[in-house]
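Colleague: Shown below is the structure under consideration.
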Amino acid sequence: MSKIIAINAGSSSLKFQLFEMPSETVLTKGLVERIGLEDSIFTITVNGEKQKEITNIPDHAVAVNMLLKKLTENGIVKSLDEIGGIGHRVVHGGEKFADSVLIDAEVLADIEELSDLAPLHNPANLVGIKAFQEVLPNVPAVAVFDTAFHQTMPESAFLYSLPYEYYEKFGIRKYGFHGTSHKYVTERAAELLGRPIESLSLLSCHLGNGASIAAVEGGKSIDTSMGFTPLAGVTMGTRSGNIDPALIPYIMEKTGQTVEEVVSVLNKKSGMLGLTGYSSDLRDIIAKEEEGDHRAKVALDVFVSRIHKYIGSYTARMKGVDAIIFTAGVGENSAIIRERVLEGLEYMGVYFDVKRNNVFGEEAFISFPHSPVKIIVIPTDEEVMIARDVLRLGDIG
């Protein structure tokens, strides 16, 4: 048995989960928020109870030290020697990383170089890695990339119709994201279906504030809705998803905004927030629609119709699907959104049960037993995938 920490470091946050492996028992989990501010928040779950502390955590190194101290103070580990490995979520692995990898100096340099492709995320992920290296330098650490799962996409899926030299010189192509989540839920779907994943064609719908759809054939990603960045694809909470690229200079001309300002609008003020004018949260928007708000209705219609585009496209690509999976915050918890996405898909063999669909945050088949295409709700677990990869690559006994 070995204890493994799964880490997701943001620019001002640190999410953690400690596992006993290989049993995959969660020993504790928590979150450090507002790092760098005087009123940082440290939350940890001990014996099923949340402990919350507001204190000054100036940087990630202090957050890591505090986390490790809490583990021993609360008796979750007797000593730090019990920690056998650390897994770090890294958003962008580019074309360099098609799998998770043991972190060494070369890997760190590669992640840094790839920061060009994910300027908001990779630098923060690096800070988390370095903070742990300072405190636990001899513990094996593994980088788990959001993009790695999608490295199996064929050129026909990942190339943009741009001058080929842009791809060769600048790495401009579709990378895709949420890979760890799509991998987890498709592998779990194969288990639930009782069939080898190699025999399955699956549609994975990761619907949260960020959202992406993936076509997974034989356990391999063959296409996904996000692109060079997580801005592409379906309509999201605050992100536009796909738009006509010529709109960017047009908006600049009309508003006097810089390209950076327009891109910021596309990332932070568009999507459901842009369409409604008041919220990126689907629960608020559904409530407003029930009150008769027209823009709420239109926003929800746009959200669903963009998902339909990918379901239709990927079903054609795979010549049919065996199952559609719903995961992430909205996919796991919104029966209304699932129902709207599935309505009218009988032509492709989808027959879902409204009663079975009334589930929230738990695994369930929501299709009728006779439905040729199975519909499954699967709560995602990116942290356990990270822990599994640490166990696989870290030579941990």
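In case you wondered, yes, glycine gets a Cβ from its N, Cα and C as well.
Reproduced below are the annotations present in Swiss-Prot:
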- N8, E382: Mg(2+) binding site (BINDING)
- K15, H206, L207, G208, N209, G210, D281, L282, R283, G329, V330, G331, E332, N333: ATP binding site (BINDING)
- R89: substrate binding site (BINDING)
- D146: active site, proton donor/acceptor (ACT_SITE)
- H178: site 'Transition state stabilizer' (SITE)
- R239: site 'Transition state stabilizer' (SITE)
Colleague: Which ones, of the recorded positions N8, R89, D146, E382, have a Cα no more than 10 Å from the Cα of N209 (ATP binding site)?
Modeller: none
Colleague: Measuring CA to CA, name the entry from the recorded positions N8, R89, D146, R239, E382 that ends up nearest E332 (ATP binding site).
Modeller: E382
Colleague: Would you count the other CB atoms within 10 A of the CB of N209 (ATP binding site), including those on all shown protein chains?
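Modeller: The Cβ of N209 (ATP binding site) has 17 Cβ neighbours within 10 Å.
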Colleague: When the Cα of H178 (site 'Transition state stabilizer') is compared with the Cα of each of the recorded positions N8, K15, R89, D146, E382, which one is closest?
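Modeller: Closest recorded candidate to H178 (site 'Transition state stabilizer') by Cα: D146.
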Colleague: Measuring Cα to Cα, how many angstrom lie between L207 (ATP binding site) and D146 (active site, proton donor/acceptor)?
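Modeller: One finds 16 Å between the Cα atoms of these residues.
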Colleague: Rank the recorded positions K15, R89, H178, R239, R283 by how many other Cβ atoms lie within 10 Å of each Cβ and give me the one with the fewest.
Modeller: R283
Colleague: R239 (site 'Transition state stabilizer') to the residue listed as 'active site, proton donor/acceptor': how many Å between their Cα atoms?
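Modeller: Between the alpha carbons of R239 (site 'Transition state stabilizer') and the residue listed as 'active site, proton donor/acceptor' there are 18 Å.
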Colleague: Taking the Cα atoms as reference points, how far is D146 (active site, proton donor/acceptor) from R89 (substrate binding site) in Å?
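Modeller: Between the alpha carbons of D146 (active site, proton donor/acceptor) and R89 (substrate binding site) there are 7 Å.
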Colleague: Looking at the binding-site residues listed here (N8, R89, E382), whose Cα lies nearest to that of V330 (ATP binding site)?
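Modeller: If we rank N8, R89, E382 by Cα distance to V330 (ATP binding site), first place goes to E382.
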Colleague: Quick one: what's DSSP say for E382 (Mg(2+) binding site), helix, strand or coil?
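Modeller: Looking at the DSSP assignment, E382 (Mg(2+) binding site) belongs to a helix.
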